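Q: Next up is a structure, given as structure tokens.
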Amino acid sequence: MFPMVTEFMNYGQQTVRAARYIGQGFMITLSHANRLPVTIQYPYEKLITSERFRGRIHFEFDKCIACEVCVRVCPIDLPVVDWKLENDIRKKRLLNYSIDFGICIFCGNCVEYCPTNCLSMTEEYELSTYDRHELNYNQIALGRLPMSIIDDYTIRTILNLPEIKT
């Protein structure tokens, strides 16, 4: 008789404990119910990137002096700088400049150490393509400024601010 009573008491304690755990889970679910959703509808909504976001590199051909500092500071020696020495004026003349974004790690060293500020980071991050050879940008492709997502009226922009707990 006594073992049956103790089993019944254990069953009651286990039932109470299970109900408490279910109640705790339900309270957590209810606490998240009044929060804004975290997900965005990507093609139609985009987050505004921070001002220090490291996206695609923008290149200004006229400012470049072909010093090759960008190649020396790049951890993977990525930028390809073709230049010709002008003997009459004893200066380098830039012929071609290209970066392969399929290999680039977007560290930003080239932008940081460029003495003439001809390189800058943009907010463009949509670089996907079906052919990897299309990711090799020459000076013409690097010179194009991307359209700002704030200016695009077809896309709803969402400001990504951290929540402040009060």
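Just so it is clear, glycine is given a Cβ too, placed from its N, Cα and C backbone atoms.
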Q: According to Swiss-Prot, C104, C107, C110 bind [4Fe-4S] cluster 2; which one of C74, C118 is listed for that same site?
A: C74
Q: Tell me which residues of the chain lie with their Cβ under 8 angstroms from that of C110 ([4Fe-4S] cluster 2 binding site), as long as they are six or more apart in sequence?
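A: Within the chain, C110 ([4Fe-4S] cluster 2 binding site) has Cβ neighbours under 8 Å at I57, V69, C70, V73, C74, P79, L119.
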Q: Are there residues at least six beyond either end of the domain '4Fe-4S ferredoxin-type 2' (95-124) with Cβ under 8 Å to its Cβ atoms? List them, or say none.
A: 49, 53-65, 67, 69-70, 73-76, 78-84, 132, 135-139, 142, 145-146, 148-149
Q: Report, as a single number, how many Cβ atoms besides its own are within 10 Å of the Cβ of C74 ([4Fe-4S] cluster 2 binding site).
A: 17
Q: Under DSSP, is C70 ([4Fe-4S] cluster 1 binding site) helix, strand or coil?
A: helix
Q: What other residues of the same chain, not counting C64, C67, C70, C114, have a CB atom within 8 A of the CB centroid of the [4Fe-4S] cluster 1 site?
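A: Leaving out the recorded residues gives I65, A66, E68, V69, V81, C110, P115, T116, C118, L119.
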